[in-house]
Structures are given as C-alpha cells and as structure tokens.
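This report refers to the structure that appears directly beneath it.
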Amino acid sequence: MGRRLSVWLCTVAALLSGAQAKGTPLLARPAQPSASRYSLYTTGWRPRLRPGPHKSLCAYVVHRNVTCVLQEGAESYIKAEYRNCGWGPNCPSTVRYRTVFRPRYKIGYKTVTDLAWRCCPGLTGESCPEHLTDHGATPPHQEPEPQIPLGQLGPGPRPSPYSREAPRPRGRKGQGPFGERLEQRLSQAYGTLSGLVASHENPNRITGDSRAPVVPIGFGVIPEGLVAPEDRGRGPLIPPLSEILSKVTEVSNTLQTKVQLLDEVRGLALGHEAHLQRLREAPPSPLTSLALLEEYVDQRLQRLWGSLLDGFEQKLQGVQSECDLRVQEVRQQCEEGQAASQRLHQSLDGRELALRRELSQLGTQLQGLTLTGGGTCCSQLALISARVDSLERNLQAVTETQGGPGTLAADELARLSAAMLQGGVDGLLEGLETINGTENGARGCCLRMEVGGWGVGGFGSTLEQRVQSLEERLATLTGELSPESAIPDRSARPLVHSELAVLEQRLVSLETSCTPSTTTAILDNLVAEVKAWQSRSEALLHQVARHTALLQQLNGTVAEVQGQLAEGTGSSLQGEITLLKVNLNSVSKSLTGLSDSVSQYSDAFSAANTSLDERERRVEAEVHTIQEQISSQGSRLQAGHRQVLNLRGELEQLKAGMANVARGLSRCRDTAQELQHTVGHFDQRVAQVEGACERLGLLATHLNSLPTEQLRSREGLWGHIDKLNHTLAQHTQDIARLRDDLLDCRAQLAEVRPGRAD
C-alpha cells in the first residue's frame, strides 16, 4: 500500500508541474474511501460528464486550428486635405496632399489548446462508445465551466485566459505579423501555464467532492463511483515508471521552450527600445526650419526673375535682329534703285552724246550738200547768183501779180538783204582785218589772201544760210500772198548788183586798209586779182542763169533728203523718247514700291513699338502680380511659422509620450527580466519537486513496512501537500501579474505604432 501511494504522489507532482502533450491521456485512479479525509480525487464545481457509463474516459489535451485575421503589412495612399486660409477672409483655400499608410490584412490560422474527453488507451467495448474513439470527438452533454468563487481561489485569483479578451488599440485592426506572432506565442504560453495552474488555485479542488471529474486540471481524475467492482478489488492501476519519466521530460522541454519565448520577448523589447532611441535621436525635418523655407522661396523667386529677364532679352534681341534685317533689305533696295537710276542717267547721257554726234554729222552732211555745186568760191558765187536770180524772179513775179504788195516785198527784201549782208560782212571783214594785221611780209600777204579766201568761203556759207532763210520767208510770203505766183524774172537783179557794188566797195576799203609796209607790187597784183575776180563774177552771173534749173533740182533733192532725215531722226527720237518714258515709268513704279515698302516698314516699326509697349505693360503687371504673391507668400510664411510652432509643441508632446512609452518599455523589460527570474525560480522549484518525489519514493519504501493504522496518524505528508498548494497559488499570482504586464506592453506598442504611421 505504501509503495502504491508513493507512485501516485510522484505522478501528481509531475502533473502539477505542467505536463501536456497532444492526444496524451493523463490517468488517475481513485483511492480507497478509508484512506484519508484529504482526498486527491475530487471533482470540480460542476462535472462535465454525468457519473455513470463514462467511467472509461480520460481527459486529453488537444490542439485545433482556427482562422483569424492577420495584418500582412501596410500600403500607402494619397489623401487630399483642404484647409481654409487663416490670415485673411478672402484668401483661397490651400490643398495639401498627405501620404497615409493603412494596414493590409490576410486570413491566417491559429492553433488553440483545448481539453477533450476520449476513451482511455487500451479500453474498448461497451464501456467505450464508438463516437468517443475518434480522436477529434468531444464528449456529449458538455456544459460551460462555471466561474469559481473568489473566496476559494487564494490571495491572487485570476480568471481563465479563454474568458478574457486582450484589449485592442483604437483605430487599429491588427498589430502586424510580428506582433501577431509574438501575441500568439505569449498567449499559448500563458494559456498553457494558466490551464495547468487554474485547477490548483483552490485546495477544495483536491479535498472536495469525489463524485465528478476535475475538469479544469490538465489531466482527468475519475471519481470513486466510476471504478468498476472488479477493478476495485484489484486495487488502482499503477502507470509505468517510463511514462512518468517521459512526462517529466516533456515538462522540462516545455519549460525550456518558455525560456526561449521569454528570451525572444526580451529581444523584442530591447529592439523596440533601440528603435525609440533612434526616433528620439533622429534629426528634425528640414521642412520645419523657417530659414530653409525662406532660402527656398528666395531661390524660386530668383529663378523666376532670371527666366523673365532672359525671355524679355531674347524677345528684344529677336525684334532687334528682325528690324536690322528689314533695314538692311531697305538699304539694299535703295542702293539697287540708285544704281538703276545711275545706269539710266548714263544711258541718257550716252543717248544725248549719240544724238549730238548724229546732229553734227547731219550738219556736216548738209554743209557737204551745199558745197557739191563747186569746190571754189566761184562755184559758191555761181550758186549764190543763181539763187539770187531765182529770188529776183520770184520777187518780180510777186510784184507783177500783186502790185502793191510787191513793192512792199521788194522793200522788205532789200531791207533784209542789206541788214543781213551788212551784219555778216561787217563781222567777217573785221575778222579778216585782225588776221591780216598779224601777218608781215609777202608770206603774210599770201596767207592773208588764203585767209581771205577762207573768209570768203565762210562768208559764202553764211550768205547761203541767209539766202535760205530769205527763201523760206519769201516762200511763206508768196504762199500768203498768192498760191499761184510765178517765178520772178531778172527785174530784181539790180538789187544784186547794188549788193555786189557794196561788196566791192568793202573790198576796196579792205585794200586801202592794208599796212603801209606792203609793197606796191603786191597791191598791183591784188588789184589785178580783184579785177579778175570782177570778171569772174560777171561770168558767174552768166552762169547763174544756167545753173538755176540745177539749183532747183538740187533744192528739191535737198528738201527730200531733209525730209527723209527729219523723218528718220524723228522716228529714232520718238523711239528713244518712248524708251525713256518707259524707263521713267519703271523708275517711278520702283520708287512708288520703295515708298510703299518704306511705309510698310514704318508701320511695322510702329507696330513693334506698340507691341513692345504692351509687352512692357504686361511685364510690369506680372512684376506687380509677383510682388503681390511675394507679399501673400510672406503672410503665408508667417502662418506657416505659426503652424511650425504648433507642430513643435505637438512634437514636444509626442516626445513626452515617447518618453512615457520608453519608460513603459523599460518597465516591460524589467517585467521580462522578472519573468525570466521567475521561470528560473520555477525550474528550481521543479527540481525541488523532483527531489521531493525522490524523497517521497524513499518515504514510500519506508511506509510500505508500516501498517495502515500508523499511516493514518502521519500528518506530515498532508502538510507537504498544503505547501505544494500554496506554492501553486503563488505561481498563479505571478502568472497573473505577468499577464497584466503583457497587456500593458501590448497597449503601449499599439500606441507607438499609430504615431509611427502618422
């Protein structure tokens, strides 16, 4: 009997140390009713299974998976905030875009530890129903576990972890995958420890009623009424020692796992503390500095002003280059017009010279035609006499036909001829006198004679011109007087003789006017020559009549030639004049085009000036606008400065909150260290329990030799059991305190994370 009792005590100590395994039954057999008033096989407050047919059931610790919502990470999105301007009633509202982080969730799985009633190992048949042989089955007629009275839980009672839900921070649906994993592990560890200790919080669980199984304990206790009669005679079933050792090994492994979890918690706490330290030591944001904001605004204004000036200078340079190009084009056109006018003047000068040459050639031709009658003065005199005869005849005819008008015409002819001859001969004779006065000697006399001959020739040409003019006037007069006038006869010849007499007198006076140095021989020769000239003149007078007809023919030919020349000259002149008119028209048109282009350029310049004025006004308006914006920016900067000050106050508050969080984390770290010390102390207590088991084993060997009556009087064993219960109560209090610290840590972490997201 003593040996069996020692084995059961070791089993109870191992089970109280927190042994659990998936699907592993925790066996216990009831003791005899006469053993002691301190029965270890008592039921809970309300049994989960009614006593009766379920005597072969055992409590199993099972694990099941449940779905839950986990936070996978965070994603960012842009949120627009509209804020009213605070420095004025009419200022526009500002829009600020913020990047906000929101959590992203996923469906995860969580393992939950629970108790299930199943058939004990090795039991089958009528006492083990089929629906309880399945490992996933749960016993029927399960009822919820009632709340244990606070008076029976010892000094530090705590409710079951499954009936209390951890508080969650506001505004947050999850704590991230890392926090979820930590929470899951801590919850599992805390649930396991609480499940193991919950049944030992009240000593009445051990010494209470023995009619129902103890449900909250991590193992099943079958009451006395459920033991079969055949098993009661054979005594309680004793589990093998290897199973007990395996349970102890599992307990030690579980404790090592809890130590590792505590180490992880400590590492997480230290990591959070380091992160908070980095947040405290992080430099402030550059946007909170007013000097940096002012420098940024100044740089933006300088860049804007530089860009405006550069654009204005580029526009001015473009306008100036365009104006220069247009001025160069106008200058080029003016130079081309000047060159064209110069070419026109040169062509006109060339035409004028050509016309002058042609006129001089025409004069020489006319002079040649007048001299075709003879090469000497005699021939010229013959022609003159012939023309004079014809004139006399014409005048005679006029006098005969008209009578009175004839005398007038004769008087007119005499007057004209006398005046013409007088003027022309006087001039020529004066020229001859001057020439003769410059010569000396015989050579001089000869030269004077030659010059006199030249003078006579010139006199003949002059006389011919005078006669031609006289003929023209006579023809005009004859046409006016009578269109049917006849040719005059020789009645007008005395006039010619008188003129010749006058000429002879002038020659005589010329002879007498010679210098005294001349010799008489020369004078005699000259007199003889004059006489010869007189005789020749008489012969010429006779020849005049013969050459009258020839002279008339010659006059007709000359008239025809003159008409042809006049027509040719007129046509050429008309063509040249037409060409000149065309050139002048083209020049006038080009000048008109130049004036139009100049007017266009002037209009363009005026438009450019107006556009520049408008541009200047616009630039001034923009500058005023920029100044107003700068002033408004200054007011906004003041408002921003106030906001910065407010933000600084909020940051100070946040720093104070972070300091509080740091203090909380330090408390959490201290709690973790205390928990570690508690776990170490718990290991020591487990070692003490193992030693106690050994001592109890030795005690059991000694008790086997003692009778049963003496064993009843030994109260020391139950004293040890009371100590064990007291130790379990202390452990429950420590675990409750650790749970409170864990909840505080969770709340502080939940407060820190929203601040980081903001």
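We count from 1, first residue shown onward.
Backbone N, Cα and C define each Cβ position, glycine as well.
Marked as signal peptide by Swiss-Prot on the basis of sequence analysis: 1-21.
Counting residue by residue with DSSP, the domain 'EMI' (54-130) contains 1 helix, 53 strand, 23 coil. What Swiss-Prot records for 54-130 is domain 'EMI'.
The disulfide bond annotation in Swiss-Prot covers C58-C120 (among others) and rests on sequence analysis.
According to Swiss-Prot, the N-linked glycosylation site annotation covers N65 (among others). Residues near N65 (N-linked glycosylation site) in space but far in sequence (CB under 8 A, at least 6 apart, same chain), listed by position: Y109, K110, T111, V112.
Long-range Cβ proximity for C91 (disulfide bond), meaning a same-chain Cβ under 8 A and a gap of 6 or more residues, is found for C85, S632. Look at Swiss-Prot and you will find C85-C91 (among others) tagged as disulfide bond, backed by sequence analysis.
Sequence annotations record features per position, and here Swiss-Prot assigns disulfide bond to C119-C128 (among others) based on sequence analysis.
The feature region 'Disordered' is assigned by Swiss-Prot to 131-178.
If you look up Swiss-Prot, you'll see 379-401 (among others) marked as coiled coil, on the strength of sequence analysis.
Marked as N-linked glycosylation site by Swiss-Prot on the basis of sequence analysis: N436 (among others).
Positions annotated as coiled coil by Swiss-Prot: 460-483 (among others).
Residues or ranges marked as coiled coil in Swiss-Prot: 528-567 (among others).
Sequence annotations record features per position, and here Swiss-Prot assigns N-linked glycosylation site to N555 (among others) based on sequence analysis.
The Cβ neighbour count for N609 (N-linked glycosylation site), using a 10 Å radius and every protein chain shown, is 11. The annotation N-linked glycosylation site is assigned in Swiss-Prot to N609 (among others) on the grounds of sequence analysis.
Per-residue confidence over the coiled coil (642-677) averages 78 (mean pLDDT, predicted model). The coiled coil annotation in Swiss-Prot covers 642-677 (among others), and the record cites sequence analysis as its basis.
Under the heading coiled coil, Swiss-Prot lists 720-753 (among others).
Per Swiss-Prot, N-linked glycosylation site is recorded for N725 (among others).
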Reduced DSSP assignment, N725 (N-linked glycosylation site): helix
Spatial neighbours of C128 (disulfide bond) among the recorded positions C58, C120, N609, N725 [C-alpha, 10 Å]: C120
N725 (N-linked glycosylation site) CB neighbourhood, other CB atoms within 10 A: 19
Other CB atoms, at most 10 A from the CB of C85 (disulfide bond): 15
Rounded Cα-Cα span from C119 (disulfide bond) to C58 (disulfide bond), Å: 6
Residue pair N725 (N-linked glycosylation site), N609 (N-linked glycosylation site) - Cα distance, angstrom, rounded: 109
Largest tally of Cβ atoms lying within 10 Å of a Cβ, found at which of the disulfide-bonded residues C119, C120, C128: C119
